[in-house]
Amino acid sequence: MQNSRRNVPNILITGTPGVGKSTLCKKLSELTGLRWLEISTIAKENGCITEYDPVYQCSVLDEDKLMDGMEEAMCNGGNIVDYHGCDFFPKRWFDIIFVLRTNNTALYDRLTQRGYVGKKLEDNIDCEIFQVILEEAKESYDHDIVHELKNDTYDELNENVQKICVWLEQWVSQGM
Ligand SMILES: Nc1ncnc2c1ncn2[C@@H]1O[C@H](COP(=O)(O)OP(=O)(O)O)[C@@H](O)[C@H]1O
């Protein structure tokens, strides 16, 4: 089984900005004790930003430097990685991948509340409509470890956290 040597798994939580990754990761981390690695913050704190993309209004990552810095923690396991992309991480790092999904109306409201306007808002809504991150995950990892989770409401958020906790318990017990 892939990565079975780790005692605790690594989980990737991905999806379009605004689908609720950070909210879910924070809760999951508090409940499980797994380490929440928010890639945007880690990249900023460790000088892994090469430039700012004025078209997409976002930071461009120095992926190699970031990966090198994360390697040891990821090999040890016990991490929840949170990022709105997934194709550049080493495949061997993850035991499971959850792609959060949100309907357009809810996502539009969340992103406008965050201050997104114009092209940035439209591009992120399009990203969700065309399920870009889900396709990216399926292209980058084995299909059987990629799971889509609907995350429109707080009830669904709680259900998703529970589902991941159940998976985690099963994963750990299988290795005993
Ligand atoms: N399941 C949910 N139902 C309703 N609102 C949510 C849900 N998850 C997150 N939110 C809200 O949506 C916004 C974006 O959530 P956030 O976790 O920052 O998304 P991301 O990390 O994917 O960009 C926040 O205001 C958050 O409170």
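Quick reminder: no glycine exception, Cβ is built from N, Cα and C everywhere.
According to TrEMBL, the feature region 'NMPbind' maps to residues 38-61, out of the candidate ranges 38-61, 86-109.
Listed ranges 3-13, 25-35, 69-79, 113-123; the one TrEMBL annotates as region 'LID' is 113-123. Looking only at other Cβ atoms within 10 Å, the busiest spot among the binding-site residues K21, R114 turns out to be K21. Spanning the residues G18, G20, K21, S22, T23, R114 that the record associates with binding ATP, the maximal Cα-Cα distance equals 14 Å.
Restricting the average to the region 'LID' (113-123) gives a pLDDT of 95.
Helix, strand and coil counts from DSSP across the region 'NMPbind' (38-61) read 7 helix, 10 strand, 7 coil.
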